[in-house]
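Participant: What follows is a single structure, and I will ask about it in a moment.
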Amino acid sequence: MAASGSGMAQKTWELANNMQEAQSIDEIYKYDKKQQQEILAAKPWTKDHHYFKYCKISALALLKMVMHARSGGNLEVMGLMLGKVDGETMIIMDSFALPVEGTETRVNAQAAAYEYMAAYIENAKQVGRLENAIGWYHSHPGYGCWLSGIDVSTQMLNQQFQEPFVAVVIDPTRTISAGKVNLGAFRTYPKGYKPPDEGPSEYQTIPLNKIEDFGVHCKQYYALEVSYFKSSLDRKLLELLWNKYWVNTLSSSSLLTNADYTTGQVFDLSEKLEQSEAQLGRGSFMLGLETHDRKSEDKLAKATRDSCKTTIEAIHGLMSQVIKDKLFNQINIS
């Protein structure tokens, strides 16, 4: 019973995150030093600022990052990722946490973190992990996957001195609420570069107190298409992890775990609706301001989408509880 429950929980997680199995362990873990040196020497990303388009993350690296992000609660956490480059794809093989000071709005790396980083990478090479640092990750608890002004500055600095480098952002709170990993991978454009107009990206809810920071910097970076993979080795390690944690999947409830987050979402939504109502009210007394009206209606439409998203997540959490109650609590005695 325990084995079947563990396997079902693991399969559900893999399907929700579109986990793909690598064709061969050797294919994905083989490190060609000569090929990597040739790529570093050619530096194709300097000729095309949109060169890297894809980001592949191993299942084990993904789990380590999500578990680290979740352990931070409402505080931001930070870590480093090891990997390699294959054409236009950045492959993240492993990740590790950094001993940094975190707040609810930023993470601050001190000298000890940089010493730890250098020692970890050096020790990894001694045990046969030849991949170099390929990026950094940090968490945005409850406010989505995007780069703030500080994040953009940090990533620009990294790309200037440590190319190739990618920034990954994880929202552990929304991951629990939606049941799917909420993660984004980003690269910044050089200063002064104006990117071509792109189509609308996937909509995500941004809290009112973060909208300004999001809007000011959203044109300074672009998102990579993220996918996940697992090898036979990953599968064995995942089975060991799931044997330990699968019970938590059944015993926990997103309605209880994320009660504060849901309350915050409703409060944020009420502020957005009040702001939209005030703008629409002012617009009714001002003639000839069609642009103003359109902006107000656009804000109202976004607030409506946020409301639908919060409602759907709450319904999913409630349905999950009802199903578990039917399965485990209502035993028919014949």
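Glycine is no exception: its Cβ is also placed from the backbone N, Cα and C atoms.
In case it helps, Swiss-Prot gives these features for our protein:
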type    : residues               : note
BINDING : His138, His140, Asp151 : Zn(2+) binding site
DOMAIN  : 55-192                 : domain 'MPN'
MOD_RES : Ala2                   : N-acetylalanine
MOTIF   : 138-151                : motif 'JAMM motif'
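Could you place these features in context, so I can see how deep they sit and what lies close by?
Facilitator: If you take the C-beta of His140 (Zn(2+) binding site) and look for same-chain residues 6 or more apart in sequence within under 8 angstroms, you find Glu76, Trp146, Val169, Ile170, Asp171. Under DSSP, His140 (Zn(2+) binding site) is assigned to coil, being neither helix nor strand in the three-state scheme.
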Participant: Using a 10 Å radius around its CB, how many other CB atoms surround His138 (Zn(2+) binding site)?
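Facilitator: Result for His138 (Zn(2+) binding site): 26 other Cβ atoms within 10 Å.
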Participant: Go ahead and report the DSSP secondary structure tallies for the domain 'MPN' (55-192): helix first, then strand, then coil.
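Facilitator: For that range the per-state counts are 49 helix, 45 strand, 44 coil.
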Participant: Neighbour count, 10 Å Cβ-Cβ cut-off, for Asp151 (Zn(2+) binding site): what number do you get?
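Facilitator: Result for Asp151 (Zn(2+) binding site): 23 neighbouring Cβ atoms inside 10 Å.
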Participant: Mean pLDDT across the motif 'JAMM motif' (138-151), rounded to an integer, is what?
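Facilitator: Taking every residue of the motif 'JAMM motif' (138-151) together, the mean pLDDT is 86.
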